[in-house]
Structure formats: C-alpha cells, structure tokens
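In what follows, a structure is listed as structure tokens, so that the remarks can point back to it.
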Amino acid sequence: MKSFKETMADLIGEVIIDIEVGLGAAGELRYPSYPQSLGWGFPGIGEFQCYDKYLKAAFKEAATKAGHPEWELPDNAGTYNDTPDSTEFFGSNGTYLTDNGKFFLTWYSNNLITHGDDILDEANKAFLGCKVKLAAKVSGMHWWYNSPSHAAELTAGYYNLYDRDGYRPIARMLSRHDAILNFTCLEMRDSEQDAAAKSAPQELVQQVLSGAWREHIEVAGENALSRYDSYAYNQILLNARPNGITNKGVPKMHGFTYLRSSDDLFEDTNFELLKIFVKKMHADQEYCSDPAKYGKELKPLKRSKPKILDATTPMRPLPWDEETDMK
C-alpha cells in the first residue's frame, strides 16, 4: 500500500479518488466458500473454511472460554454442491439453530469482520492524509436467500437470518474507516432466477444497501453478470436511486462499476445502449469536473474512529420504488 501511494502520488486525489482494498477471495470480504476450481457449481451451498489446524485450535480456545470445551467445529454441513435440506446443519431444525451452532456462526463471522477491520485499519494508516476514500467489496450471495438457513451466505461468513442481520455489522465496521461499501448483483431481478435456488437478489440488495445507508456510509455497486439489455440497466438505475432522482434527502448510490469490457459490449447496438445507460446514471446531466459542486468534495483521509458496537438486530429495508424513473 505504501509503495502504491508513492508510485501513484501524482494521480491520487485527481484520477484515483477511491481505493478498494482487497479483503478476501476475488477481493471481497468473504471466505472462499465456493471455489469453482474445486468443483463448486451454482447453486451449491459451499463449505465452511475453518478446518486447518490454526482455526481448529482457535475455535477450541474460544469454546473453552465460553464454558463449552466439548463443542467442535461442524461435521454435518455438507459439501460444496449440496442443498440446505440435504444436510443436518442447514436443514429443518438444523444445527445452525442450536446453541453450539449459533456460537460457531458468531465466531466464524466475527473472525471475518475482524480480519476486514484489521486490513482496513492498515490501509487507513497507509493512505492517511491523502484525498481518497477507502472502499471494500461485499459479495452478493443471493442463492438460498429465501431458504430459512441462508446456507450460501453462512458458509461465506455472512451470518444473516430472518432474525439476525449479517450485513449491517459489516457496514458498521466500514463506518469506522469512513469506507465505501461496494455491493454486487445490482442488475439481477428475482423473476430471472431459478426458483429451485430460492434466490432473491432484489431483497438482498435492498437489505445490504439499507443497512449501509443507516450506518451513514457511501454505497457503491456493480453488476455480477455481463448484461447488455435495458432490463438490467433499468434495475441498476432503480438500485442506484431507489426513490427517484427528484426526491431530496433520500439515499443515492455513490458510484457504479460496470462489468465487463468485451467485444460484445462494443457491438453497435450494445454500445449505443450503454451510452444511454451512462447518461441516465448521471440523470441526463453534463459532466462536471468539480466534485464539490455535487456534494462529493474529496477531503484528506482522517484516522479511523475507535471500534464500535455490533448491529445485528434486523430492521425493515428502506422503501424501494417499483421501477426506476429514469428508464
């Protein structure tokens, strides 16, 4: 990070206005719970990533301190391509609902958040005083979101259930560093998903973005799949401005990364539609070179705030319009 700061000194604060800090697999704050290189395929639930000797010892120490030295890491959570109901851990009345299961999931997810917090703290020290914002990417684990156990999220380290918010604690951790939360799958709609995967990307996006805005941090996003159609673009526009362009005081997205550049994208029809999309993302406004004029003035990065309390109590998502007003 220090080398990057020195090498890019002439660009930081001008061309480079935020720095996304890699925190895990694919740069995202998550465990590598669904590696395609090891045979995972959608919509498998993935596997917990805590069975090396170091994490085994760490869990045993934590369980002993909690007064339960007999508790062990789960051995009934299935394999990469299982479904929730095919396992004892994630099935109906599964282990995830027991005291042992809850303790494990809290330990597992807290380790991930602590890791992200530690890395961002180092990034804050490295870029202190620079006119940039730090950012961190959170993965859009939308499959099995409508399953009671949220199995795919749990194996990735997001302890998110109907009665426990697994994303707002991440947002609160990011708020300590005044960092941007960058979330994926903004182009997806529930109606496009395989019903068998109990996928709900729209509800997931609303939950995560609402939690971040409630913690008073900036939100950015990106699409998960290569899309070149107006349906996907309109869904992105809706998520970027859930309550429209004219409403003052309502949350709006800080930035968006379009994935990904390809020969298909630059075909005539696709490229023309992309240009219209970019124009709509800027609400049909012309380019403005002064961020201060639209409320985004960059200020020198300050030292991270002290650590703050957890935030797992679920809250209703903020209201979303039915469709974008900037088609």
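Every residue, even glycine, has its Cβ placed from backbone N, Cα and C.
TrEMBL does not curate its annotations; it predicts them automatically.
These come from TrEMBL:
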ACT_SITE  Glu28  active site, proton donor
ACT_SITE  Glu222  active site, proton acceptor
REGION    305-327  region 'Disordered'
Secondary structure tally of the region 'Disordered' (305-327) (DSSP, helix then strand then coil): 0 helix, 0 strand, 23 coil
Distance from Glu222 (active site, proton acceptor) back to Glu28 (active site, proton donor), taken between C-alpha atoms, in Å: 13
